[in-house]
Structures are given as structure tokens and as C-alpha cells.
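This report concerns only the one structure given below.
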Amino acid sequence: MARGNTIQKEKVAIIGSGNWGTAAARIIGENVTRHPDFHPEVKMWVFEEIIENRALTEIINEQHENIKYLPGFKIPENVIADPDMLNTIRDATILVFVVPHQFLYKVCDQLKGNIHPKAIGISLIKGCDTGETGIRPISTILEEALKIHICTLSGANIANEIAEGKFSETTIGYKIREEGELFKRLFETSYYQVGIIDDVIGVEMCGALKNVVALGAGIVDGLKMGDNSKAAIIRIGLSEMKKFLKMFYKNIKDETFFESCGVADVITSCYGGRNRRVAEAHVTTGKSFEQLEKELLGGQKLQGTLTAKEVCTMISIKGLENEFKLFVAIYRIAFEGLEPKKIFDVIVD
Ligand SMILES: NC(=O)C1=CN([C@@H]2O[C@H](COP(=O)(O)OP(=O)(O)OC[C@H]3O[C@@H](n4cnc5c(N)ncnc54)[C@H](O)[C@@H]3O)[C@@H](O)[C@H]2O)C=CC1
Ligand SMILES: O=C(CO)COP(=O)(O)O
């Protein structure tokens with residue numbers, strides 16, 4: 001049913017076209033043609049790059065493939081790539097935000113004041129920012145900058161596996177149930193099952209914090225410590241995530257930690273994610289995370305190191321180092337030269 005009977009067909013714009021952005025565009029492109037709520041054309045904003053003398057947008061629109069960030073998977077032809085952000089969002093009533101979190105403010109600056117009056121948004125971004133008032137979830141930044149309602153989507157969602165159609169679950173956090181249900185229709189497929197819960201911040205902040213825990217998993221993998229040690233990282237990490245969220249935000253639901261965005265995403269990221277892989281390489285090569293991101297990820301972006309910095313800034317301001325020993329140890333290994341093999345010593349101390 002159209003939203004509040006005021007919008008006949010929701011027009012979707014996707015802001016971002018990286019690894020997950022492109023995999024999500026494949027799902028969205030198909031679903032808008034299956035459900036009557038949606039206009040069948042989807043625009044996707046692409047941060048323009050030149051690849052072998054051709055613009056990435058031109059390649060996507062002609063070959064229907066994002067050869068840099070999700071090679072080998074076709075994008076539906078009703079998804080149109082556009083390098084102009086304002087053109088992408090013109091007339092859009094649904095905005096899907098999926099840029100690496102370090103670029104969010106730049107996106108907000110361009111969009112401010114230019115959004116459809118009835119637009120709502122959903123953030124697929126896993127990250128956060130530390131402002132003067134504390135840790136700011138992405139949904140809060142978007143709501144304040146753009147004055148629109150934001151839902152969040154996060155889960156055990158390694159983009160390539162979803163592109164391959166392998167069964168996965170995800171979680172949508174909503175404040176208004178009708179909006180959560182609309183986004184469920186936009187994203188759900190037979191192989192991508194969506195749970196919804198009224199906990200916008202819990203859903204997205206689990207996604208941000210698990211990236212820090214995944215760095216810890218990569219560190220123990222690099223040290224070849226085995227599965228018991230990794231299980232300890234997962235357990236301690238999840239309990240620090242829960243403590244952190246309960247301490248800093250009101251109304252975080254216990255159930256959220258048992259959804260795909262909680263325990264399931266911690267597990268998948270500790271076994272399969274980029275943060276894990278780069279942290280492992282940091283231990284085995286001694287190279288910096290920054291250098292390894294460039295060498296190993298082909299333009300894709302790490303989210304966990306920046307998030308560790310943001311989270312540990314907050315922990316330090318509040319003098320809570322003893323409450324979050326794993327987060328702090330991971331931060332110190334990434335940024336202060338703490339020897340990786342001390343990861344558990346610091347926790348046990
Ligand atoms: N890749 C994955 O498996 C998953 C990623 N996510 C989250 O989705 C968000 C986006 O991640 P991905 O789509 O994987 O992106 P990505 O990691 O592939 O990042 C590359 C993207 O950043 C863009 N970019 C590079 N420089 C830029 C600039 N200066 N300004 C604006 N954009 C620029 C590139 O054009 C490209 O679209 C992140 O927060 C990530 O944590 C969530 C679930 C799964
Ligand atoms: O969020 C993810 C899986 O749910 C992907 O994690 P990475 O960014 O570590 O690859």
C-alpha cells in the first residue's frame with residue numbers, strides 16, 4: 001500500500017555503489033519491479049572514477065556491471081548509475097544510504113535542503129562518529145542533517161555472498177512500523193530474509209561495533225591462536241558491544257543482540273569480513289592498516305579501525321577503559337603499536 005496514501009509510487013535512489021552498495025542495488029532493482037509500491041526505475045549515485053579510460057558510470061550503464069567493486073554480477077537494467085548526486089535523488093521518496101562512513105558528512109552537505117519533502121531514508125552504513133555530545137550513530141547524523149526519518153539495515157551480510165544468492169538474514173530497525181514494513185518489501189527476497197525491530201540505533205550500532213570485534217578476530221587469526229581464542233573474542237566482543245550500547249543509549253532492546261544484526265553479524269565478520277582479513281595481515285606482515293587497506297581491498301574501505309578510534313575516544317573521555325578492555329586493546333594494537341600477542345594479557349590484567 002502506498003505510504004499514507006500520499007505517494008502513489010515510491011521512487012528509490014541509492015547513494016553509494018561500492019561492494020555492498022552494488023549488491024544491494026541488485027536486490028532493490030529486482031524488488032521494485034515485483035512490488036506495486038515502487039516506481040520501476042532506480043537511480044544509483046556513483047562516486048565517479050575512470051577505469052581503463054572509461055567512466056565507471058558509463059561502464060555500469062552499458063555493461064550493467066560494477067567491474068571495480070562487484071565484478072562478475074549483473075546489475076538489473078532498471079538501475080541507472082549517475083555521478084551527479086542531486087540528479088540521482090531528484091523526485092526520490094526513498095533514499096538508501098550505503099557509502100563508507102568516512103564520506104557521510106560530504107554526502108549530507110550536498111543533499112541538505114534538496115530532498116523531496118516526503119522522503120524517508122534507510123542507512124546500510126556500518127560506522128559512527130564521535131562528536132562533542134558523544135558517539136553519534138549514522139541515523140542520527142542523517143536525521144539531523146536532512147530532517148527525514150531514517151530506518152537502519154544491518155546484518156550478517158557479506159556482500160559477495162548475497163550477490164551469489166546464498167541464504168542470508170538481515171535486520172531492519174524502525175521507529176514507525178509502516179516504514180519498517182515498506183523497507184522490508186524493498187529488500188526481502190527468498191534468499192535474503194529480513195527481520196524488523198523497533199530499535200533503529202541498536203541495529204546500526206551493532207553493525208558499527210562488530211567491525212571492531214572483527215579486527216580482534218583477525219588479530220588472533222594472524223597469531224594462529226585457534227578457534228577457542230577466536231570464540232573468546234566473539235564472546236567478549238559481543239558482551240562489550242552490549243554493555244557499550246546499554247550504557248550510552250536509552251531503549252536498546254535485548255532482543256536486538258540476538259537478531260542477524262547482533263550475534264550473527266559478529267560471527268560472519270569474525271570469519272569472513274574485510275576487517276578480519278586486514279587485521280590478520282597486519283599481524284603477519286607488520287604493515288599498517290592504512291597500507292594494507294590499499295594493498296588488499298582494491299578501493300574498498302575498512303570501517304573498523306576508524307570506529308575503534310571513535311569508540312575508544314569516547315571510552316577515554318568517560319574513563320571507562322576497565323569496562324571495555326577488548327575494544328581498548330584492539331585500538332592500541334591498531335594505533336599505538338601494542339604488540340598483537342598482548343591482546344589477551346591486557347584483557348586478563
Ligand atoms: N561490503 C560488505 O560486505 C558490507 C558492507 N557494509 C557497509 O556498507 C557501507 C558501504 O560499504 P561498501 O558498499 O562495501 O563500500 P566499499 O568498501 O566497497 O567502498 C568503496 C566505495 O567508496 C566510494 N568512495 C571512494 N572514495 C570516495 C569519496 N572520496 N567520496 C565518496 N565515496 C567514495 C567508492 O566509489 C566506492 O563506491 C560500509 O559502512 C560497510 O561497512 C555492510 C554490510 C556488508
Ligand atoms: O559487514 C559486513 C558483513 O556483515 C562486512 O564486514 P567487513 O567490512 O569487515 O567486510
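Glycine too: its Cβ is placed from the backbone N, Cα and C atoms.
Sequence annotations record features per position, and here TrEMBL assigns active site, proton acceptor to LYS210. Annotated NAD(+) binding site per TrEMBL: GLY16, SER17, GLY18, ASN19, TRP20, GLY21, PHE47, PHE103, ALA159, ARG274, LYS301, GLN303, in sequence order. According to TrEMBL, the feature substrate binding site maps to LYS126, ARG274, ASN275. The domain 'Glycerol-3-phosphate dehydrogenase NAD-dependent N-terminal' annotation in TrEMBL covers 11-175. Annotated domain 'Glycerol-3-phosphate dehydrogenase NAD-dependent C-terminal' per TrEMBL: 199-344, in sequence order.
Taking the features listed in TrEMBL, we show where each one sits on the structure.
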residue : record                 : contacts (Cβ under 8 Å, 6+ apart)
GLY16   : NAD(+) binding site    : MET44, TRP45, PHE47, VAL96, PHE97, VAL98, VAL99, PRO100, LEU124
GLY18   : NAD(+) binding site    : TYR69, VAL98, VAL99, PRO100, GLY299, GLN300, LYS301
TRP20   : NAD(+) binding site    : VAL98, LEU124, ASN157, ALA159
LYS126  : substrate binding site : HIS101, SER154, GLU204, GLY207, ALA208, LYS210, ASN211, GLN303, THR307
ARG274  : substrate binding site : LEU296, LEU297, GLN300, LEU302
ASN275  : substrate binding site : ASN211, ALA214, LEU215, GLY218, SER269, LEU302, GLN303, GLY304, THR305
* **Span of the substrate site, taken as the largest CA to CA distance across LYS126, ARG274, ASN275 (Å, rounded to a whole number)** => 13
* Asked: According to DSSP, does the residue listed as 'active site, proton acceptor' fall in a helix, a strand, or coil?
  -> helix
* Structure fact -> The answer for which binding-site residues (TRP20, LYS126, ASN275, LYS301) have a CB under 6 A from ligand 1 is TRP20, LYS126, LYS301
* Mind running the binding-site residues GLY18, TRP20, ALA159, LYS301 against ligand 2 and keeping the ones whose CB falls under 6 Å of it? => none
* pLDDT averaged over the residues of the domain 'Glycerol-3-phosphate dehydrogenase NAD-dependent C-terminal' (199-344) -> 97
* **Residues in the domain 'Glycerol-3-phosphate dehydrogenase NAD-dependent C-terminal' (199-344) grouped by DSSP into helix, strand and remaining coil** => 117 helix, 0 strand, 29 coil
* Sorted by sequence, non-LYS126, ARG274, ASN275 residues with Cβ within 8 Å of centre, substrate -> ASN211, ALA214, SER269, GLY273, ARG276, LEU302, GLN303, GLY304
